[in-house]
Amino acid sequence: MSEVLANNSVVPFVLGVVIGVPSIILYTIEAIVLLRNWSKFSSAFFRLCLVRFVTNFLNYLISYFYVRFGRVGLFVELLESMPHIVLSIAVFLYYYNYFGENLATMFILLNRFTVILMPVRHIKLWKYFLPISVLVIFLLPIPFTCIDWFYEFYVLRQPDNWTYTLYFDKADYLPFINVPNIAAISGIVFCVFCLVLNIATIVIYRLNQRRIMALGSGKEKEYRVEYRLTLYALITFAAQFLLAIYTMLIAITSGNFELQLLFLSTFNQLPWVNDLTTIVVPSWVMLWACTDIRRIILRMFGLGSMIQNENSVISIRTIQLTRLRSPPKVSPIDRSPEF
């Protein structure tokens, strides 16, 4: 454990590769499925999932340039020769996508809230609200992150002389006017708002659960689909919540010289923490939550037999559920008199 937490350990980098590469491949395949079946997955929920994929994917790529290569000492001479503006753009893009991920997660949760609150009217609502939400996701982070363009980032070599981090001199700037601190504050706002939204969603879901199930078997399949997609939104929020807490910890420790060792040890965990929360969880939970996406992917790789087995299991469960809900047959002789 101490080796993993060491500020010069390569274990977090390797762990990030092990869990991140297969997951980003799966995540990309799922995005391709959504794009190739645009009319089938036409709801605002899947559109927002695609938008979040864009921010997650870009953040994954930028993180190699921003932190991963530095933890294993790759391209240090190349980065040292680059202009400050190139390094500033890399840091800007990393935090820009972090803000975008939080906003996309928030709108996905808001979509689930409206689906449960307004099962019919939410379609018309998101017809107009979806373009607005996409614009907010891509435009709102800019004023909070463009300040990185004015910082002169440079490569700071660690005592081992082969690992490095991107650093800027904070002496020339106000204490809280830097993107890590702004990201930490926005993370607090994001967590509070989404927690309240999740509580409201769960309460409304519990209130409507019996009413939805009472509509009959024709609505039960649709109910199960929406239930899984809502679980997907809640689970991915939990992952994004952990990333927000992690970002706050980095912001707190980075500004204190006495906590420099803690900062480096924490910052070194970014590869696997970032991959787990933004790549692994969304990709694999989506594979579980959406049956249609799972079936299309299985067919793409010639695993159609698994779909047949899955249908058999679903049929058995449906029959058992129907039998449990069917009232027992009572003969006319055994009926009690009605008064």
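Here the Cβ of each residue, glycine as well, is placed from N, Cα and C on the backbone.
Note that TrEMBL annotation is computational and uncurated.
Bear in mind that the values here come from a model prediction, so they are computed numbers and not experimental data.
Pulled from TrEMBL:
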type: TRANSMEM; residues: 12-33; note: transmembrane segment
type: TRANSMEM; residues: 45-67; note: transmembrane segment
type: TRANSMEM; residues: 74-96; note: transmembrane segment
type: TRANSMEM; residues: 132-151; note: transmembrane segment
type: TRANSMEM; residues: 182-208; note: transmembrane segment
type: TRANSMEM; residues: 229-252; note: transmembrane segment
type: TRANSMEM; residues: 272-290; note: transmembrane segment
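Sequence-distant contacts of the transmembrane segment (74-96) (same chain, six or more residues past either end, CB-CB distance under 8 Å): 58-59, 62-63, 65-66, 141-142, 144-146, 148-155, 157, 162, 164, 166, 179-180, 183. For the transmembrane segment (132-151), same-chain residues at least 6 beyond its ends with a Cβ under 8 Å from one of its own Cβ atoms are 47-48, 51, 55, 85, 88-89, 91-92, 95-97, 99-100, 103-104, 107, 110, 168, 173, 177-179, 182-183, 186. With a threshold of 8 Å between CB atoms, the same-chain residues lying at least 6 positions outside the transmembrane segment (182-208) that come near it are 95, 98-99, 102, 105-106, 109-110, 112-113, 116-117, 144-145, 147, 176, 230, 234, 237, 240-241, 244-245, 247-248, 250-252.
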